[in-house]
Each structure stands twice: as C-alpha cells, then as structure tokens.
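Undergrad: Got these off TrEMBL a minute ago, pasting:
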- 22-44: transmembrane segment (TRANSMEM)
- 37-285: domain 'G-protein coupled receptors family 1 profile' (DOMAIN)
- 56-74: transmembrane segment (TRANSMEM)
- 94-115: transmembrane segment (TRANSMEM)
- 135-159: transmembrane segment (TRANSMEM)
- 194-221: transmembrane segment (TRANSMEM)
- 233-256: transmembrane segment (TRANSMEM)
- 268-287: transmembrane segment (TRANSMEM)
Amino acid sequence: NHTLLTDFVLSGLSSRPELQHLLFFTICLVYSMTLFGNLLICMVTVHPTLHMPMYFFLRVLSFLDISTASVVVPKMLVNLLAEDRSISYTGCVTQLYCVVFLAATEWYLLAAMAYDRYVAVCSPLRYAAIMNTRVCLSLVLLSCCSGNVVSVVQTAWVFTLSFCGRRSINYYFCDIPPLVTLSCTDTSLYEKQIISATVLVILTPFCLILLSYACIISSILKISSAESRHKTFSTCSSHLTVVTLYCASGTLIYLQPKSSNSQDTKKILALVYTTVIPTLNPLIYSLRNKEVKEVLIRVM
C-alpha cells in the first residue's frame, strides 16, 4: 500500500547552517534587482516613442521573468530561514505547473523575438507590414498556449508517478528532475518522454533562434559602415550569450532527469534560469538599447 502524500519537504539550496543567512541576503539582492530591472522595462516600453513590436516583446519577456522569479524565489527565501520547509501537495503541483509554463512560454517568445529581429534587419521596408499588431499578439498568444499545453502534460505525467510515502525533495523548488528521482516506480518511459519535450521546448526554438541570427549576421556583413556592423554584432552576441546560457542550463537538467549527476550541480543550473537570467535580461535586451536609455533618462 502506498501512503497518500499531503505535503513535501524541500531541502533547499544548502544544508550547511552557516551559509543560510549569506544565501538569503545574496538571493534577496538578486531578486530585488530582477524586480526593479524588469518593472522598469515594463514601465519604460509603454512610452509612445517605443511603440514598436520589439519593445512589446521585451515588455512580455520582462513580465515572464518577474513571474518566473516570483514563483520560485520567495518560497526559497522563506525556507532559508525557517525550520519548517514543507510545501503542500497542491502547492507543489501549482509551482511545477507555473515553472514549466513560464519557461516554455519564454522559449517560444525568444524564438518570436529572434524572428522579429530577422524581419527588421533582412526586410526593413516590409517590417511594419509583416510585424503588425495582430501578428505580434498572435505570436505571444501562441507562445502562451504552447507553454500551457507543455506544462499541463508534464505536470500530469509527473504526478501520476508513485512516491511511496517519500516526501523529502533534495531541491529548493518543485521541479521535474527531483520529483522523478523521488519516485519508487519505473520512470524509463517518462524519461524518454521528457527528452522529447526538451527537444521540442528548448532545442527546437534554440535552433530557430540560431538560424534567425545567422541570417541577420549575413545581412550585417553587407553593411558598409564599420560602426553599424560593430554595434549590431555586439547586440547579437549579447542576445546569443543569454540564450545559450539558458539553453545549456535547461538541457543539462532535463535531458537526464534521473541521471547520476550531482543534485547540487542541478540546483546551481536551475538557479541560473530561475534567478540569474531574469536579472540579466533587462541589461542585455533593453538597457543597452540607446532608445530605451534615452526614454529612461527622460522618465527619470
């Protein structure tokens, strides 16, 4: 007979008591920067002079980053100082659904943003006609719907597994790899399914992003101005760095959900895409943009 679980216990980032307060203040600072930076972008990009598809996508990206960090970080901060680190079964299901939904939606949105940049650079005269308001809204809605489908399927799969009364999760939030590791049933079929989902959600958009930027770079090489080439290359390299970091951390975690790799390593990788990248996105995608900085200075 299997024990009916009513809650789980999250072990947190570290089991060493002397690190708890240091981790709390460090992560609290990073989370504050994430909120401030992304809220700033959300407010600035509604300015009339930034009424372009690129800034609309940036606003949605900032909202997703705020949501991703807020789903994970507050509970993690509480657990760093509290003795009771339990999370209810319903809370665990909800947290997993939200994390997967937001991560998958963000990947599809990044692919849409790469396509937007491709059209802007390679077909500038047709840009306004191609990337009209209806197309932009459709791309965002398609990203959200795709993320929702992926999240519902993954969450349903995970919580059909039997945990046999085991409730201690060696992680700081409810995610697929630690929950699969916790299962006492055969998960080989699920591991094949999660590999397919990783290819669909992470690697396919990543390849589309690389293809878009390859076409962009090809067009850049035809620009006669060395200064314009350098500026565009700098922007593209920054975007690709963040996307590659996001892709690497995601694939290393989800391609082998029940591997023998250190769980502490997976915690660090998960920390990258739930905490670090949401802080970097405003700096990389927005605050290095001359038009955004000019509007920000006027607003301030």
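Yeah, the Cβs are placed from backbone N, Cα and C, and that goes for glycine too.
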Undergrad: Counting a contact as 3 or more Cβ pairs under 8 Å, with residues at least 6 apart in sequence, do the transmembrane segment (56-74) and the transmembrane segment (233-256) touch?
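TA: Output no: the transmembrane segment (56-74) is apart from the transmembrane segment (233-256).
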Undergrad: So are the transmembrane segment (194-221) and the transmembrane segment (22-44) touching or not, going by 3+ C-beta pairs under 8 A with a sequence gap of 6 or more?
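TA: Contact absent: fewer than 3 Cβ pairs fall under 8 Å.
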